[in-house]
Amino acid sequence: MKVAVVGTGYVGLVTGTCFAETGNTVTCIDIDEKKVESLNNGKITIYEPGLEALFERNIKQNRLHFTTDLKEGIEGAKVIFLALPTPPGEDGSADLKYILKVADDLGPLLKDYAVIVDKSTVPVGTAEKVTAKIKQNAKVDFDVVSNPEFLREGVAVEDFMKPDRVVVGTRSEKAKKIMDMLYAPLVRQGNPVIYMDEKSAELTKYAANSFLATKITFMNEIANMCELLGADVDAVRKGVGTDTRIGKRFLFAGIGYGGSCFPKDVQALAKSAQEVNYDFDILNAVMNVNDKQKTKLIPQIKNYFAGDLKGKTIALWGLSFKPYTDDIREAPALYNIDELVKAGAKVQAYDPEAMENVKGQIGDKIVYCDDQYSALENADALLIATEWPVFRTPDFDRVHSALKNKVIFDGRNLYNPDDMGELGFAYYSIGRTTING
Ligand SMILES: NC(=O)c1ccc[n+]([C@@H]2O[C@H](COP(=O)([O-])OP(=O)(O)OC[C@H]3O[C@@H](n4cnc5c(N)ncnc54)[C@H](O)[C@@H]3O)[C@@H](O)[C@H]2O)c1
Ligand SMILES: O=c1ccn([C@@H]2O[C@H](COP(=O)(O)OP(=O)(O)O[C@H]3O[C@H](CO)[C@@H](O)[C@H](O)[C@H]3O)[C@@H](O)[C@H]2O)c(=O)[nH]1
């Protein structure tokens, strides 16, 4: 089938590449000329494990193309995905300007029936708005379908190819048949497509992300209670996670959730609730708790240095919002950098993938190091913000001899507190015993 994907960022590139891999001919369209030029030169524009091999294979087999020209890109496409940004507007609601602009452009360009698919995360009622926009200038029949994306960065290919479920919101039999054909290779592998109406599909995406953000936040609050009561959040996590009604995943306490999705989607759902005069109290609490959680270790760092960070050097391991990605959107590390620099500290950071992106955003506000050990040189303390595997089993002797003060502030609970005590470190983590060294 001929497929077009408008918007070739994270979701667009994964969607386009994966649908090419399942046998479709795909054209990805983006207004970013540099991005399209790079992709056309065979250079992938995002770091995503496993994606590059698929990208190269499908280009070679002539199934994956890139253009900046919307008209050329959608030519002959039966399905047109909109994988466009939906960033928070000034009031926190999802800004639909990118989606509605493309919908407006699409109307006069459609030559035959096509299914237009909202892949972006969009508030309830967007399918209706997109339909109305396209209708203004369209001369042919079309359907607008909601098909939210549930992939996680870092494991995006696997999430796309083997999803727990695919959600499709449409009441059109004609559109359903086409979506059935497109997803048939995934369905044959046992991955179900759940059909529903457009509004329910739109809300499903926000409900899923908000529920997961709430689950994490709940555990972060339990962790904070553990610290006050002398309990251990790892033990509590195992105790509650083995209840199959709760489940083991997304129960890891830390310095809060970040990324391009949870923060903006929780905020957007809260805003949608406000618009229909509903106080979604839980969401407001989740946002407040997560804001505090992100910089939870800062007072402890200050306290360790008797309230004065001026002239201190803090080594920072991890900048991306989670491992296996170079994405730094809403990364807790950035909030910690702000606080540390504001308090007069110098930050020496290392991240396996995200340093270029951080440099682009905050420039020389911090020092960028070649590896995790150079970040420790002349450092007074180590702060860990992202659980990259290379940080899990470091050479502790090197860490110990490099640090001026033998102290680690661990925002991702990577090590066992007792082990750290035996190795001669003071060790602060989230929801577990503090080792004072
Ligand atoms: N990133 C994720 O992990 C993820 C997962 C699931 C859902 N989502 C949702 O998917 C949507 C896209 O997210 P993303 O992370 O891929 O965004 P992104 O910012 O990485 O990419 C969006 C792309 O759209 C392009 N674009 C903007 N206007 C355009 C236009 N008029 N024509 C063509 N291209 C245009 C931009 O240049 C950019 O390349 C958002 O709604 C997001 O919430 C994201
Ligand atoms: O137990 C956990 C699990 C995650 N996190 C944090 O939560 C954030 C989000 O993690 P994750 O969900 O793995 O990353 P995303 O790539 O942002 O994926 C989420 O957001 C996407 C965009 O909407 C959805 O498609 C995915 O289903 C949804 O998991 C990160 O900061 C993690 O560090 C925790 O603190 N504890």
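Backbone N, Cα and C define each Cβ position, glycine as well.
Keep in mind that this is a model prediction, so the values were computed, not measured.
The feature NAD(+) binding site is assigned by TrEMBL to Asp30, Lys35, Thr86, Thr121, Glu153, Lys264, Arg329. Around Lys264 (NAD(+) binding site), taking its Cβ as the centre, 21 other Cβ atoms fall within 10 Å, counting all chains.
In sequence order, Lys215, Ile216, Met219, Arg237, Val240, Gly241 are the residues near Leu251 (substrate binding site), counting only same-chain partners six or more apart with C-beta under 8 A. Taken from TrEMBL, the feature substrate binding site covers Phe150, Leu151, Arg152, Glu153, Lys205, Phe250, Leu251, Phe252, Ala253, Gly254, Gly258, Lys322.
Annotation note: Cys261 (active site, nucleophile) sits in a coil segment as assigned by DSSP. Counting every protein chain shown, the number of other Cβ atoms lying within 10 Å of the Cβ of Cys261 (active site, nucleophile) is 25. Taken from TrEMBL, the feature active site, nucleophile covers Cys261.
The domain 'UDP-glucose/GDP-mannose dehydrogenase C-terminal' (315-417) scores a mean pLDDT of 97 in the predicted structure. The domain 'UDP-glucose/GDP-mannose dehydrogenase C-terminal' annotation in TrEMBL covers 315-417.
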Inter-residue C-alpha distance, Lys264 (NAD(+) binding site) and Gly258 (substrate binding site) (nearest angstrom): 9
Contacting binding-site residues, sequence order - Asp30, Arg152, Lys205, Ala253, Gly258 vs ligand 2, Cβ under 6 Å: Arg152, Gly258
Longest CA-CA distance among Asp30, Lys35, Thr86, Thr121, Glu153, Lys264, Arg329, per record bound to NAD(+), angstrom: 24
Binding-site residues listed as Lys35, Arg152, Lys205, Arg329, least Cβ neighbours within 10 Å: Arg152
